[in-house]
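Engineer: Dumping the structure here so I can ask a few things about it.
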Amino acid sequence: MRAILILYFTNFIGWDDNLSTAIYHTFVALCYLTPILGALIADSWLGKFKALSMIGLALIALGTGGIKPCVSAFGGDQFEEGQEKQRNRFFSIFYLAINAGSLLSTIITPILRVQQCGIHSQQACYPLAFGVPAALMALSLIVFVIGSGMYRKFQPQGNIMGKVVKCIGFSIKNRFRHRSKEFPKRAHWLDWAKEKYDERLISQIKMVTRVMFLYIPLPMFWALFDQQGSRWTLQATTMTGKIGIIEIQPDQMQTVNAILIVIMVPIVDAVVYPLIAKCGFNFTSLKKMTVGMFLASMAFVVAAIVQVEIDKTLPVFPQGNEVQIKVLNIGNVNVNVSFPGEMVSIGQMSQTNDFMSFDVNKLTSINISSDGSPVSTVTQDFEKGHRYTLLVWAPSQYQVVKDELIKKPEKGENGIRFVNTFNEMINITMDGKVFENITSHNASKYQFFPSGIKTFTVSSVEISQQCPRAFETSYLEFGSAYTYVIKREENGCPTPEKFEDIPPNTVNMALQIPQYFLLTCGEVVFSVTGLEFSYSQAPSNMKSVLQAGWLLTVAVGNIIVLIVAGVGQFSQQWAEYILFAALLLVVCVIFAIMATFYTYINPAEVEAQFDEDEKKKNAEKNNLYPTLGPVSQTKM
């Protein structure tokens, strides 16, 4: 669903880039906050399997909270003690499976999206694009339930989170109560709960809090990672998707991540890690995660470099008090147009090479002249920060058109408008969109179309039935804008003449591949490792809770994006990329330092020791009251 979500906001609903980015990351944050609720329900009452089936797939909105913390932990539960290698392999395959699904969705859902559907009017088919994943989720529920008898399931152990919160609260309160120097210090702050809670629970909470402390810097990784669905997709809309004979849409660039995941997970798992081990380097889980953060930081440096190259190709739009004007001669005579300090000569059916910039306060007069004709003065109140097209068809006949486009067309689409040189109104239909009632010697509003060759038909009472009415555009690329002048031929039939308003994008989307490669490599060594680390370091009764804690870092990361994007308001996008890269680099160093102080444990061994101690205690209790055999009367 996320593959097309950012374009659904900008294209279908009509929000601008910043609002769409904010809503996108708010949604992602909520998806990774609800796992806290799902984990509580799973570990405390229903168990992982029932949380997945009963909660997770019942409502998609809350369902992600039921699925995310439970599915990986539930998979880990299927392995026994001593199967750590197989369990680690499972987490790699699990992550590979997720991204195989992501790969299919990011290819298929944009294809479904561009289909035309609707009851009253034909438009992009978002219901189909969202409906197919919903149907597949229903199918997945059926498949999951069918396999119920094969799964290894553990009984939930009551309200474990309630016990954890109460134990921590009591420990803090008890420590505060005994804060004077007359009370000796204890090895760990949680040891102050020993008066009320058993050592097993305290030990389990210590395991969780130590890992959760390590999680504090991790949201910064996700703050960068999830921008491939927002900022990087928007970056792709300013690029061309023509890669050889293949043409891809901006929202399909996310498939690069999924493709690389499918390729890189087996390579890293089966080739890279064994080679590192043969070299004698102890590449621990936390070291892997540190490398992943560094690679993600470098990915954003590359994204900033690509953005600088894009910015070099963008047209200059009016800034501050500026106003931009171009002259389009749609008549049959040459004209001269004089501006303050500048004069241009425009031939028949031609335009100035580019928009000309003027200070709106100094644009005091514009005069139109032609050989043997009097000078005409243009009367128009120009608004700063806008572009205008001066349509001229005779020295004394002109029309000033205010252009709506003061930036590149969004979503990589192409702006098209028409100018009518006939005496009567014309209507034009193009690719299902209608340009209605274009008056004589005037321009229509821009409408926007994806790449490709488009067919349009012209209709008017002034056009003879014998005249051809259907025409084709030239091949529309990405991010361009054109004016088509419908001129009248000598036989009275219409013919189109094309003029470029904004050139198409020239920087190729293939330049995004290096940043996707670095981010994907970072994801493989960071995210897959994080899932396995969270499971391996969690006590048996808190597996889902710690998985939810891991997912919580994703939610916080998306909130960071909201804060930085909202507060920063950078005029240059590359500067925002550099800021995120620098922040993650700093966090990466902090995490590396924290990781050096972490001691790996085996929760199963710790819990087994507690079980052994409890058996010994029970045996000692039984020895205090030995069972007496029958005693004879003589012995008595």
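Just so you know, glycine gets a Cβ as well, placed from its N, Cα and C.
This is the feature table in TrEMBL:
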TRANSMEM  22-42  transmembrane segment
TRANSMEM  54-75  transmembrane segment
TRANSMEM  90-112  transmembrane segment
TRANSMEM  124-146  transmembrane segment
TRANSMEM  207-225  transmembrane segment
TRANSMEM  258-277  transmembrane segment
TRANSMEM  289-308  transmembrane segment
TRANSMEM  548-571  transmembrane segment
TRANSMEM  577-601  transmembrane segment
Engineer: Find the member of 90-112, 124-146, 207-225, 258-277, 577-601 that has more C-beta pairs under 8 Å to the transmembrane segment (289-308) than any other listed stretch.
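Structural biologist: Checked against 90-112, 124-146, 207-225, 258-277, 577-601; highest Cβ contact count belongs to 577-601.
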Engineer: Test of understanding: applying the rule of at least three C-beta pairs under 8 Å (pairs 6 or more apart in sequence), is the transmembrane segment (207-225) touching the transmembrane segment (577-601)?
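Structural biologist: The answer is yes, given that the two segments have at least 3 Cβ pairs within the 8 Å cut-off.
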Engineer: Under 8 angstroms, Cβ to Cβ: which one of 90-112, 124-146, 207-225 has the largest number of such pairs with the transmembrane segment (258-277)?
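Structural biologist: Per the Cβ under 8 Å count, 90-112.
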Engineer: So if I exclude everything within five residues of the ends of the transmembrane segment (90-112), which remaining residues of that chain have a CB under 8 angstroms from its CBs? That is, six or more out.
Structural biologist: 1, 3-4, 71-72, 75-76, 78-79, 125, 128-129, 132-133, 249, 251-252, 254-255, 257-259, 261-262, 265-266, 269, 524, 527-528, 531-532, 535
Engineer: With Cβ-Cβ distances below 8 Å as the criterion, list the same-chain residues six or more beyond the ends of the transmembrane segment (207-225) that contact it, or say none.
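Structural biologist: That would be 164, 168, 190, 286, 289, 292-293, 296-297, 299-300, 519, 522-523, 526, 530, 533-534, 537-539, 542, 545-546, 549-550, 552-561, 564, 580-581, 583-584, 587-588, 590-591, 594-595, 598, 601, 603, 606.
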